[in-house]
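What follows is a single structure, written as structure tokens, with notes after it.
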Amino acid sequence: MDVVSIGPDMNPNYRNFALWAIIALLLIALFNLFQSPGQRTNSREISYSQFIDDVSNGRVKSVTITGQRISGTLADNGSTFQTYSPGDTGLVSRLEDKGVAITARPESDGSSSLIGILLSWLPMILILGVWIFFMRQMQGGSRGAMGFGKSKAKLLTEAHGRVTFQDVAGVDEAKQDLEEIVEFLRDPQKFQRLGGKIPRGVLLVGPPGTGKTLLARSVAGEANVPFFTISGSDFVEMFVGVGASRVRDMFEQAKKNAPCIIFIDEIDAVGRHRGAGLGGGNDEREQTLNQLLVEMDGFEANESIILIAATNRPDVLDPALLRPGRFDRQVVVPNPDIVGREQILKVHVRNVPLAPNVDLKVVARGTPGFSGADLANLVNEAALMAARRNKRLVTMQEFEDSKDKIMMGAERRSAMTPEEKTNTAYHEAGHAIVALNVPKADPVHKATIIPRGRALGMVMQLPEGDRYSATYTWMVSRLAIMMGGRVAEELKFGKENITSGASSDIQQATKLARSMVTQWGYSDKLGRVAYGDNQEEVFLGHSVSRTQNISEETAQIIDAEVRRLIDEAYAEATRILTKKKKDWIALAEGLLEYETLTGDEINELIAGNKPSRDQGNDTPSRGSGVPKAGSSRKRKGSEPGMEPKPQPQ
């Protein structure tokens, strides 16, 4: 026979159902217990005078006498009644004279009185028991409602998966800064005998998805010490003082497991400037921060406890939190460069079967600005796409398609009419031809007229390496490339038939030209002066408005200079497309036929040759698509590229 257990291993749904069923049964039992006997038997309460009158008239059939309580049955209809005797000594003889059947019972003894007392207290005991049960349920396991002051930090052990520096790629500089922490945890005497002190805290600063949490876990894995992890939002509750209590409890747990590492993710949730919020101070957050400051560098030394925190908003942190003795070091964890992206891709493709044509260097070149999380998502998308296509290996085609899907959106092959498709082909061909003939530009990697997201087509240029600054020549070439699409439409279809497809190109060109004039000093009329303050995104709690420290006359000059740069770029694009009209038309017709062309295939079309593809396969070959060294398209003096900026239709 199966036995239903209400223990901790029982299904919570069954346990809750059983609990409420037991409470309902107890309530029903109590209701019956506290009913009077007359209520339980539906007896009618009558007066003693009525009872004597019924006896005198022979209407009483039988009675039961219990002390002063009298209950009985009427002779005419068999209904029951009850009443109380005032101590009438002649009652029994009167009942005998009328032939009434008499039954006598003793009154309740002391034990019955005790039971009555217990029954009177039973509801209170029951309510108290139910309350204790629920409080234990709320307090159990994860220190719920009754564990306000207990830390929510989780202790990660090797059962959660040991992470080492070998699992972290693309952030070599950050790993070097953290190796000293690992060495101290392994051999603290090495530093202490020379009077050195290890940094108390390390603040990891960087954009989301760059691997800050993974770095912290790798430090614990390399040092082989306990690792406590908690989020900054876990400290703050609706009750003042709870956060400070949790900080104290967290450090108490850490002391018991020292040496150890405490990792606080998103510390800006609790470490913001005190009293600097737009809506005034926050007592709970400030008390929590104060307690954290004391624990990090107060009278009690916690030398064997190293605090690592992560944030992507270091500008909002309280200065007292960042001073030496608390967070001694700030380790910047930026988005990886091209070499780092390749290393990260190698880590994520360990368990992914790759085809021989997969070139991770090309994938890394085509993903500037991607974080480690973005690259992991790219590899996963490529694997899923290969599985949907029933392939045994993940090819370069899946990586290219996944990258386009992430950057531009999913394909929409039914989005365009034949007329729109033709317009898009000449538009994108204009971008590509201008990009191949301006003085400085990133090599053209691919051109397509397959709609993705909100774009009807694009020309993608891949950089040959990361660039941290750009020249004036590169910028004006970039402006000409952006204008190439609109110029191509005008030359092919006339001004009266140009479309709104160049709206994104115009916005990007205007933004670049305005930055050249107002930020980078590329205007002789305005000089080497920066115009406008607080033009970037406003940070909450630091600035509530934007200001323009320029006059109306200067603003007019800025607009005129922006217009001049755009007009010059438009004229340059017109000159190139007029001169290279044959190449431009050939490329547009090739896009109409193949829809997608790589950089090598574009060069073949311009040279008068058709792209070499496998028979029956209209999918472009997935090589780099970038002119190699020594190619006829390699221009003298070309410089490393910046991030690819697709040209949407």
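Including glycine, each Cβ sits where the backbone N, Cα and C put it.
Database features, via TrEMBL:
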{"type": "TRANSMEM", "residues": "17-34", "note": "transmembrane segment"}
{"type": "TRANSMEM", "residues": "114-134", "note": "transmembrane segment"}
{"type": "DOMAIN", "residues": "198-337", "note": "domain 'AAA+ ATPase'"}
{"type": "BINDING", "residues": "G206, P207, P208, G209, T210, G211, K212, T213", "note": "ATP binding site"}
{"type": "BINDING", "residues": "H427, H431, D505", "note": "Zn(2+) binding site"}
{"type": "ACT_SITE", "residues": "E428", "note": "active site"}
{"type": "REGION", "residues": "607-649", "note": "region 'Disordered'"}
> What's the CA to CA span in angstrom from D505 (Zn(2+) binding site) over to T210 (ATP binding site)?
Replying inline: 30
>> Around the ATP site formed by G206, P207, P208, G209, T210, G211, K212, T213, list the extra residues of the same chain whose Cβ is within 8 Å of the site's Cβ centroid.
In response: L204, A310, N312, V333, S371, G372, A373
> What's the CA-CA gap between H431 (Zn(2+) binding site) and G211 (ATP binding site) in angstrom, rounded?
Replying inline: 37
> Which has the fewest other Cβ atoms within 10 Å: G206, P208, G209, G211, the binding-site residues listed?
Replying inline: P208
>> Looking only at the domain 'AAA+ ATPase' (198-337), how are its residues distributed among DSSP helix, strand and coil?
In response: 54 helix, 29 strand, 57 coil
> What is the one among the binding-site residues T210, T213 whose Cβ has the most other Cβ atoms less than or equal to 10 Å away?
Replying inline: T210
>> Cβ neighbours within 10 Å, counted over all protein chains: which one of the binding-site residues K212, H427 has the most?
In response: H427
> Which of E428, D505 has the fewest nearby Cβ atoms, counting only those within 10 Å, among these recorded positions?
Replying inline: D505
>> Going by a 10 angstroms cut-off between Cβ atoms, which of the binding-site residues P207, H431 has the sparsest surroundings?
In response: P207
> What is the interatomic distance between the Cα atoms of G206 (ATP binding site) and H427 (Zn(2+) binding site), given in whole Å?
Replying inline: 38
